[in-house]
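Report on the following structure.
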Amino acid sequence: MTDSQALVPGPSPPHSKAEICYGATFFNISSYGIMEKYETPTVIFGYALPLLELQIILIFVCIVLSHMFLRRIGIPRFVSNILAGLILGPQLLDLLEYSSDRLSLDIPGNVALEGVARLGLVMFTFLMGVKTNKRAVYQIGKRPIVIAVSSFFVTMISGLAFRNFRLDKVDPLYMPLRLAPTERSVIVSIQAVTLLPVITHLVYELKMSNSELGRIAISTAAVSDFLGFLTLVCISYVGTYRYVSPGIANRDIVALIILVLVILFIFKPMAQRIVDMTPEGKPVPKVYLYVTILTAIAASIYLSVFNQMYILGALLVGLAIPDGPPLGSALEARFESLVTNIFFPISIAVMAMKADVVRALYSFDDISFNILLLGLTVVVKWTASFVPCLIFCELPTRESVIIATIMNYKGFVDLCFFDVALRRRNLSRATYTVMIIYVLLNAGILPTIIKALYDPKRKYIGYVKRDIMHLKTNSDLKILTCLHKPDNISGAISLLELLSSPLNNDNKDRGVIAVTALHLVKLAGRTFPILIPHDKRSKARLLQNSYIQTMMLAFTEFQQENWESTTVSSFTAYSHENLMDQDICNLALDHLTSMIIVPSGRKWSPDGEYESDDIMIRRVNESLLDLAPCSVGILNYRGYNKGKKKTNSIINVGVIFIGGKDDREALSLAKWMGQNSRVCLTVIRFLSGQELDKSKNWDYLVDDEVLNDLKATYSLANNFNYMEKVVNGGPAVATTVRLVAEDHDLMIVGRDHEDYSLDLTGLAQWMELPELGVIGDLLASKDLRARVSVLVVQQQQQHG
């Protein structure tokens, strides 16, 4: 019996002589029960399965007890997982050492628990890859690249500059002098990189996944992770080439390239094929789910065989899964609860168990510079992330602080890197302990700071201009049109026909109209909301829903008639009423739309008479006006195209211009329509009878500039008219609006005119539809005799 075994109470574990001789880890799996040996019932823990069960029970007891207290102060469960591992570590219960002695003569006696822990990491990393917003990963703009490059390289260079500082003070008993720079390089490298699965987990935990801020964070993490991946591969290749064998180094890098190619050109198309073959609204066959999970596990095993970071395989497979239903959502629904609540906590606790606080305190003098280096890299990385956000990306200060804080967040993949470095002896046990405690504090403090700074009501705020007024020359006009009922289809298409101009497609100063049609269906009989894309491949598997078929046929016909100037993509969203505005905003963010067009909710009969108001649609519109990441247009349609042929009828479009950003946006939209030969555009500017000093008001100056530009553009056009009307007081405004409406088929007006000289307060008190603004409410009134449709425009709400 060894010294370590002599310290363990109870009988010796049931090893054979051969096992003792070779120090092997072969052991019996299941026992005969607790009564196998009545005098010493603990003998059952000499078997793998009962011991594993005891280990898991102890882990969850510690997690639950820790979280009972920590959750009261808002600390995430991830911290409780680490804390449970520290409680069960050498400084207190020393579970791993005890378990090792029960099964074998060396540490690998915990192979069963280690296996469960690694499986948990693989599964959780895979799910994070599945849940990652693929558009944020694959459609990366300049801002995330700048932030990621700055934070990665500035941190890496600054940290490595101090790598050899005070090496002469390192105690050879703590670590050989030649290994000390390697340990510091590990610290700097892991600090420099921001890992995509970790940030995905954080963004989902903070419920930021649908916000633009969350998308910036994920895109930035994707770039940083890619840079870290390349760095890791290069370092691994050079190290293996120099210190092991050139042949093995070449073999490992070729194996990695083969896996990436297989995932890109075989697995990813197969996953897309599964999605295409699954009928819309139907679940994916279970066999595909299990095959997908096994593929992720196999990819991880494959990489571990070739000396690569094993969880990378699971991440690559997860990123290859198409977003949302049916496959991605099914994987989340089936495996997320098991992995998140069972496997993942075990994985974190097992890695934390290897930390030895007592040893770290004993070696404090030797690791003190490592602690200083860790603090330095934290400050440098935060600064290197904050400055580009604020200066180059022009994000508001609060959002810049949030992004910089997110970039410093550390999580489960970082723990995995530390664990691998410890096993490869690139980290000492004392430094490993410091890094575990650092992640513990990091994961407890940073999310709390982010929660305090992040306002969920601002989740869809656009940090770049997404409106029609600021579109660049030759840019496509991206419009998201929303439909709640079949009655909304004709109005939406009639409006879009005015924006497209197939007869004047030789205009080189404008792009095409990129239309995204979203059919919103109130959720009934479904547990989870679902977004279904429609494309050519989905025609054979359409939902048996006549409304959706009608929508698709109508928009398909519209695209065929305007194929030179228009593209159309269609979606159906099954959603709860209170989440419809979020579905609209999410799709608008994904497609970078300039304007969302929604129906007003007021229904008119075929002969133009008022029928009813839909309260649900009005509530959705009110929320959308507050949340939208781009401009919004609310269409009150009364059938201006009735009795008119599409090819030769003239549509009289009027714009009432009072002033302000909403009116300027309405004018920009009308300018697009003016290029259609079927449109006769009239701009009516309302002026106050009072004399004003316009030179002191910036908005007045901008209004004049926009109007002058419009008049110059259409100075020679036969289909453009401009007039000015002087109105004094609310009654005069109402009368003039009603008279103007009689001469037009469609009126386009801005929503907000609060800062302007026209006295509209009296009219505001009598509004029936506040979401349309004062002028829009007048034009949508039940009492208005003129059969005119109205589009009320609100420009993108930007916040500094």
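Positions of Cβ are set from backbone N, Cα and C atoms, glycine also.
As annotated by Swiss-Prot, transmembrane segment applies to 43-63, 73-93, 110-130, 145-165, 186-206, 216-236, 247-267, 287-306, 338-358, 371-391, 401-421, 430-450.
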Segment proximity, the transmembrane segment (43-63) to the transmembrane segment (73-93), 3 or more C-beta pairs under 8 Å: yes
Contact set, same chain, for the transmembrane segment (145-165): CB under 8 Å, 6 or more residues outside the stretch: 181, 184-185, 187-189, 191-194, 216, 220-224, 227-228, 231, 369, 373, 376-377, 380-381, 383-385, 387-389, 392-393, 403, 407
Contact call for the transmembrane segment (186-206) and the transmembrane segment (287-306): at least 3 Cβ pairs under 8 Å, seq gap 6+: no
Feature contact check the transmembrane segment (247-267) with the transmembrane segment (430-450), CB under 8 Å, 3 or more pairs: no
Recorded stretch, among 216-236, 247-267, 338-358, 371-391, maximising Cβ pairs under 8 Å relative to the transmembrane segment (110-130): 338-358
Listed stretch, out of 216-236, 247-267, 338-358, 401-421, that has the most CB pairs under 8 angstroms to the transmembrane segment (371-391): 401-421
Long-range environment of the transmembrane segment (287-306) - Cβ separation under 8 angstroms, sequence gap at least 6: 119, 122-123, 126, 251-252, 255-256, 259, 263, 267, 271, 274, 312-314, 316-318, 321, 327, 330-331, 334-335
